[in-house]
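What Swiss-Prot says about this protein:
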- 2-15: topological domain 'Cytoplasmic' (TOPO_DOM)
- S2: N-acetylserine (MOD_RES)
- 16-31: transmembrane segment (TRANSMEM)
- 32-69: topological domain 'Lumenal' (TOPO_DOM)
- 70-89: transmembrane segment (TRANSMEM)
- 90-94: topological domain 'Cytoplasmic' (TOPO_DOM)
- 95-115: transmembrane segment (TRANSMEM)
- 116-122: topological domain 'Lumenal' (TOPO_DOM)
- 123-137: transmembrane segment (TRANSMEM)
- 138-154: topological domain 'Cytoplasmic' (TOPO_DOM)
- 155-166: transmembrane segment (TRANSMEM)
- 167-170: topological domain 'Lumenal' (TOPO_DOM)
- 171-189: transmembrane segment (TRANSMEM)
- 190-251: topological domain 'Cytoplasmic' (TOPO_DOM)
- T202: phosphothreonine (MOD_RES)
- 229-251: region 'Disordered' (REGION)
- 241-248: motif 'SHP-box' (MOTIF)
Amino acid sequence: MSDIGDWFRSIPAITRYWFAATVAVPLVGKLGLISPAYLFLWPEAFLYRFQIWRPITATFYFPVGPGTGFLYLVNLYFLYHYSTRLETGAFDGRPADYLFMLLFNWICIVITGLAMDMQLLMIPLIMSVLYVWAQLNRDMIVSFWFGTRFKACYLPWVILGFNYIIGGSVINELIGNLVGHLYFFLMFRYPMDLGGRNFLSTPQFLYRWLPSRRGGVSGFGVPPASMRRAADQNGGGGRHNWGQGFRLGDQ
(Lines of atoms letter the chains of each structure in order from A and count residues from 1; the text may use other names and numbers.)
(Lines give C-alpha, C1' and ligand atoms only; values in the text may rest on other atoms or scores of the structure.)
Protein backbone atom coordinates (compact mmCIF):
# COMPACT_ATOMS: atom_id res chain seq x y z
CA MET A 1 0.00 0.00 0.00
CA SER A 2 2.89 2.35 0.71
CA ASP A 3 4.08 1.89 -2.87
CA ILE A 4 0.66 2.91 -4.18
CA GLY A 5 0.64 5.91 -1.85
CA ASP A 6 4.10 6.96 -2.97
CA TRP A 7 3.09 6.60 -6.62
CA PHE A 8 -0.09 8.62 -6.07
CA ARG A 9 1.78 11.41 -4.28
CA SER A 10 4.32 11.51 -7.11
CA ILE A 11 1.63 12.56 -9.61
CA PRO A 12 1.70 16.35 -10.19
CA ALA A 13 -0.96 18.15 -8.16
CA ILE A 14 -3.58 19.10 -10.75
CA THR A 15 -3.39 15.74 -12.52
CA ARG A 16 -3.54 14.00 -9.14
CA TYR A 17 -6.81 15.66 -8.13
CA TRP A 18 -8.30 15.12 -11.59
CA PHE A 19 -7.27 11.46 -11.57
CA ALA A 20 -8.63 10.93 -8.05
CA ALA A 21 -12.00 12.48 -8.92
CA THR A 22 -12.24 10.36 -12.07
CA VAL A 23 -11.79 7.26 -9.90
CA ALA A 24 -13.94 8.36 -6.96
CA VAL A 25 -17.06 9.63 -8.75
CA PRO A 26 -17.61 6.45 -10.85
CA LEU A 27 -17.00 4.40 -7.70
CA VAL A 28 -19.63 6.38 -5.80
CA GLY A 29 -22.11 5.77 -8.60
CA LYS A 30 -21.18 2.08 -8.88
CA LEU A 31 -21.68 1.51 -5.15
CA GLY A 32 -25.04 3.26 -5.24
CA LEU A 33 -24.04 5.91 -2.70
CA ILE A 34 -25.43 8.46 -5.16
CA SER A 35 -27.79 7.53 -7.96
CA PRO A 36 -26.01 7.77 -11.33
CA ALA A 37 -29.06 9.65 -12.57
CA TYR A 38 -27.77 12.66 -10.63
CA LEU A 39 -24.30 12.47 -12.17
CA PHE A 40 -25.10 12.82 -15.87
CA LEU A 41 -25.29 16.12 -17.72
CA TRP A 42 -28.97 16.55 -18.56
CA PRO A 43 -29.65 19.99 -20.08
CA GLU A 44 -33.19 20.19 -18.75
CA ALA A 45 -32.13 19.39 -15.18
CA PHE A 46 -29.21 21.82 -15.36
CA LEU A 47 -31.03 24.72 -17.03
CA TYR A 48 -34.51 24.47 -15.57
CA ARG A 49 -34.13 22.59 -12.29
CA PHE A 50 -30.94 24.43 -11.31
CA GLN A 51 -28.99 21.24 -10.67
CA ILE A 52 -25.77 23.15 -11.16
CA TRP A 53 -23.46 20.32 -10.10
CA ARG A 54 -24.16 18.26 -13.22
CA PRO A 55 -21.45 19.75 -15.50
CA ILE A 56 -18.90 18.90 -12.80
CA THR A 57 -20.05 15.37 -12.01
CA ALA A 58 -20.48 14.57 -15.71
CA THR A 59 -16.81 15.47 -16.20
CA PHE A 60 -15.67 12.81 -13.74
CA TYR A 61 -18.39 10.17 -13.98
CA PHE A 62 -18.32 7.15 -16.27
CA PRO A 63 -20.75 4.21 -16.06
CA VAL A 64 -18.30 1.38 -15.42
CA GLY A 65 -19.64 -2.06 -16.25
CA PRO A 66 -18.77 -5.28 -18.09
CA GLY A 67 -19.15 -3.57 -21.46
CA THR A 68 -17.45 -0.27 -20.59
CA GLY A 69 -14.78 -1.16 -18.04
CA PHE A 70 -11.95 -1.54 -20.55
CA LEU A 71 -12.79 1.75 -22.28
CA TYR A 72 -12.83 3.46 -18.87
CA LEU A 73 -9.44 2.05 -17.85
CA VAL A 74 -7.85 2.98 -21.19
CA ASN A 75 -9.02 6.58 -20.89
CA LEU A 76 -7.99 6.71 -17.23
CA TYR A 77 -4.50 5.77 -18.38
CA PHE A 78 -4.59 8.47 -21.06
CA LEU A 79 -5.57 11.01 -18.38
CA TYR A 80 -2.71 10.02 -16.11
CA HIS A 81 -0.08 9.69 -18.80
CA TYR A 82 -0.67 12.75 -20.98
CA SER A 83 -1.87 15.15 -18.30
CA THR A 84 1.23 14.32 -16.28
CA ARG A 85 3.44 14.94 -19.32
CA LEU A 86 1.83 18.30 -20.03
CA GLU A 87 1.87 19.44 -16.41
CA THR A 88 5.53 18.51 -15.94
CA GLY A 89 6.61 19.48 -19.46
CA ALA A 90 5.24 22.47 -21.36
CA PHE A 91 3.46 23.78 -18.23
CA ASP A 92 6.18 22.90 -15.73
CA GLY A 93 6.25 25.47 -12.93
CA ARG A 94 3.06 27.15 -14.24
CA PRO A 95 0.14 25.41 -12.50
CA ALA A 96 -2.18 28.40 -12.97
CA ASP A 97 -1.71 28.28 -16.74
CA TYR A 98 -2.33 24.54 -16.81
CA LEU A 99 -5.46 24.84 -14.69
CA PHE A 100 -6.70 27.62 -16.95
CA MET A 101 -6.21 25.39 -19.99
CA LEU A 102 -8.33 22.71 -18.32
CA LEU A 103 -11.00 25.25 -17.38
CA PHE A 104 -11.10 26.70 -20.90
CA ASN A 105 -11.42 23.24 -22.45
CA TRP A 106 -14.00 22.20 -19.86
CA ILE A 107 -16.20 25.26 -20.45
CA CYS A 108 -16.11 24.67 -24.22
CA ILE A 109 -17.01 21.01 -23.69
CA VAL A 110 -19.86 21.84 -21.30
CA ILE A 111 -21.35 24.32 -23.77
CA THR A 112 -21.04 21.75 -26.55
CA GLY A 113 -22.50 19.06 -24.30
CA LEU A 114 -25.54 21.16 -23.48
CA ALA A 115 -26.08 22.00 -27.15
CA MET A 116 -25.65 18.40 -28.33
CA ASP A 117 -27.28 16.65 -25.35
CA MET A 118 -24.04 14.90 -24.36
CA GLN A 119 -24.49 13.25 -20.97
CA LEU A 120 -20.86 12.32 -20.21
CA LEU A 121 -17.88 14.65 -20.49
CA MET A 122 -15.00 12.58 -19.15
CA ILE A 123 -13.61 11.38 -22.48
CA PRO A 124 -13.87 14.76 -24.29
CA LEU A 125 -11.83 16.54 -21.61
CA ILE A 126 -9.17 13.82 -21.57
CA MET A 127 -8.95 13.88 -25.36
CA SER A 128 -8.64 17.67 -25.43
CA VAL A 129 -5.56 17.45 -23.18
CA LEU A 130 -4.12 14.59 -25.20
CA TYR A 131 -4.62 16.63 -28.38
CA VAL A 132 -2.72 19.61 -26.96
CA TRP A 133 0.15 17.35 -25.89
CA ALA A 134 0.23 15.73 -29.33
CA GLN A 135 0.45 19.09 -31.10
CA LEU A 136 3.18 20.40 -28.83
CA ASN A 137 5.14 17.21 -29.53
CA ARG A 138 3.89 16.68 -33.06
CA ASP A 139 7.15 15.34 -34.53
CA MET A 140 7.92 12.93 -31.70
CA ILE A 141 7.61 9.27 -32.71
CA VAL A 142 5.20 7.48 -30.39
CA SER A 143 4.43 3.79 -30.00
CA PHE A 144 0.91 2.43 -29.89
CA TRP A 145 -0.54 -1.03 -29.62
CA PHE A 146 0.89 -3.95 -31.59
CA GLY A 147 4.17 -2.10 -32.14
CA THR A 148 2.77 0.57 -34.44
CA ARG A 149 4.83 3.77 -34.53
CA PHE A 150 3.90 7.16 -35.93
CA LYS A 151 4.23 10.89 -35.27
CA ALA A 152 2.50 12.21 -32.16
CA CYS A 153 0.35 14.61 -34.18
CA TYR A 154 -1.63 11.60 -35.46
CA LEU A 155 -2.18 10.10 -32.00
CA PRO A 156 -5.56 11.77 -31.22
CA TRP A 157 -7.01 10.45 -34.46
CA VAL A 158 -5.59 6.97 -33.96
CA ILE A 159 -7.15 6.91 -30.49
CA LEU A 160 -10.44 8.14 -31.96
CA GLY A 161 -10.46 5.10 -34.24
CA PHE A 162 -9.32 2.80 -31.43
CA ASN A 163 -12.08 3.97 -29.08
CA TYR A 164 -14.60 3.53 -31.89
CA ILE A 165 -13.57 -0.11 -32.19
CA ILE A 166 -13.85 -0.83 -28.46
CA GLY A 167 -16.64 1.62 -27.62
CA GLY A 168 -18.67 2.12 -30.78
CA SER A 169 -18.72 5.93 -30.88
CA VAL A 170 -16.48 8.77 -31.97
CA ILE A 171 -18.50 11.82 -30.88
CA ASN A 172 -16.79 12.21 -27.50
CA GLU A 173 -13.32 11.84 -28.99
CA LEU A 174 -14.12 14.17 -31.89
CA ILE A 175 -15.44 16.90 -29.58
CA GLY A 176 -12.33 16.56 -27.41
CA ASN A 177 -10.03 16.85 -30.41
CA LEU A 178 -11.85 19.90 -31.74
CA VAL A 179 -11.77 21.66 -28.36
CA GLY A 180 -8.08 20.80 -27.96
CA HIS A 181 -7.43 22.23 -31.42
CA LEU A 182 -9.30 25.43 -30.52
CA TYR A 183 -7.13 25.91 -27.44
CA PHE A 184 -3.91 25.09 -29.30
CA PHE A 185 -4.80 27.45 -32.15
CA LEU A 186 -5.72 30.38 -29.90
CA MET A 187 -2.86 29.84 -27.48
CA PHE A 188 0.05 28.88 -29.73
CA ARG A 189 -0.56 28.76 -33.45
CA TYR A 190 -2.46 32.01 -34.06
CA PRO A 191 -0.34 34.39 -31.94
CA MET A 192 3.03 32.69 -32.49
CA ASP A 193 2.86 31.22 -35.99
CA LEU A 194 0.43 33.59 -37.69
CA GLY A 195 1.30 36.82 -35.85
CA GLY A 196 -2.18 37.32 -34.40
CA ARG A 197 -3.23 38.73 -31.05
CA ASN A 198 -3.56 36.74 -27.84
CA PHE A 199 -7.15 35.88 -27.03
CA LEU A 200 -6.45 33.80 -23.93
CA SER A 201 -5.10 35.13 -20.65
CA THR A 202 -4.94 33.36 -17.32
CA PRO A 203 -6.89 35.33 -14.66
CA GLN A 204 -4.75 36.92 -11.99
CA PHE A 205 -6.67 35.21 -9.18
CA LEU A 206 -5.37 31.86 -10.46
CA TYR A 207 -1.79 33.16 -10.22
CA ARG A 208 -2.47 34.29 -6.65
CA TRP A 209 -3.89 30.88 -5.83
CA LEU A 210 -1.30 28.88 -7.79
CA PRO A 211 1.82 31.04 -8.19
CA SER A 212 4.40 30.09 -10.78
CA ARG A 213 7.40 28.18 -9.47
CA ARG A 214 11.10 28.38 -10.34
CA GLY A 215 10.67 31.59 -12.26
CA GLY A 216 7.90 30.21 -14.48
CA VAL A 217 6.33 32.62 -16.96
CA SER A 218 2.99 34.17 -16.06
CA GLY A 219 0.53 34.83 -18.80
CA PHE A 220 -0.58 32.94 -21.87
CA GLY A 221 0.83 33.72 -25.25
CA VAL A 222 4.42 33.68 -23.97
CA PRO A 223 6.06 30.46 -25.16
CA PRO A 224 8.18 28.28 -22.89
CA ALA A 225 11.90 28.93 -23.09
CA SER A 226 12.63 25.99 -25.37
CA MET A 227 10.20 27.25 -28.02
CA ARG A 228 11.57 30.79 -27.74
CA ARG A 229 15.08 29.47 -28.40
CA ALA A 230 13.87 27.59 -31.47
CA ALA A 231 12.12 30.70 -32.75
CA ASP A 232 15.22 32.82 -32.20
CA GLN A 233 17.31 30.36 -34.18
CA ASN A 234 14.83 30.65 -37.05
CA GLY A 235 15.07 34.43 -37.10
CA GLY A 236 12.00 35.04 -34.97
CA GLY A 237 9.46 34.67 -37.78
CA GLY A 238 7.81 32.31 -40.19
CA ARG A 239 6.86 28.71 -39.59
CA HIS A 240 8.86 26.51 -37.27
CA ASN A 241 8.85 22.95 -35.99
CA TRP A 242 6.34 22.83 -33.14
CA GLY A 243 7.62 19.56 -31.75
CA GLN A 244 11.27 20.37 -31.14
CA GLY A 245 10.69 22.84 -28.31
CA PHE A 246 8.44 20.49 -26.36
CA ARG A 247 10.02 17.06 -26.40
CA LEU A 248 9.16 15.55 -23.04
CA GLY A 249 11.23 12.41 -23.40
CA ASP A 250 10.99 9.16 -25.28
CA GLN A 251 7.80 7.19 -25.20
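One-based numbering along the chain as shown.
Every residue, even glycine, has its Cβ placed from backbone N, Cα and C.
Neighbour counts were taken as the number of other C-beta atoms within 10 angstroms of each residue's C-beta; across the modified residues S2, T202, the minimum falls on S2. The two recorded residues the residue listed as 'N-acetylserine' and the residue listed as 'phosphothreonine' have their Cα atoms spaced 37 Å from each other.
Tertiary neighbourhood of the transmembrane segment (70-89): same-chain residues 11-12, 14-15, 18-19, 22-23, 26, 62, 64, 95, 98, 122-123, 126-127, 129-130, 132-133, 136, 159, 163, 166-167, 246, 248, selected by CB-CB distance under 8 Å and a gap of 6+ residues from either end. Comparison of 95-115, 155-166, 171-189 by number of C-beta pairs under 8 angstroms to the transmembrane segment (123-137) places 171-189 first. Within the same chain, residues 79-80, 83-84, 87-88, 95, 98-99, 102 sit at least 6 positions outside the topological domain 'Cytoplasmic' (2-15) and bring their C-beta atoms closer than 8 Å to a C-beta of that stretch. Counting only same-chain residues 6+ beyond the ends of the topological domain 'Lumenal' (116-122), those with a CB under 8 A from a CB of the stretch are 22, 40-43, 55, 58-63, 75, 106, 109-110, 171-172, 175.
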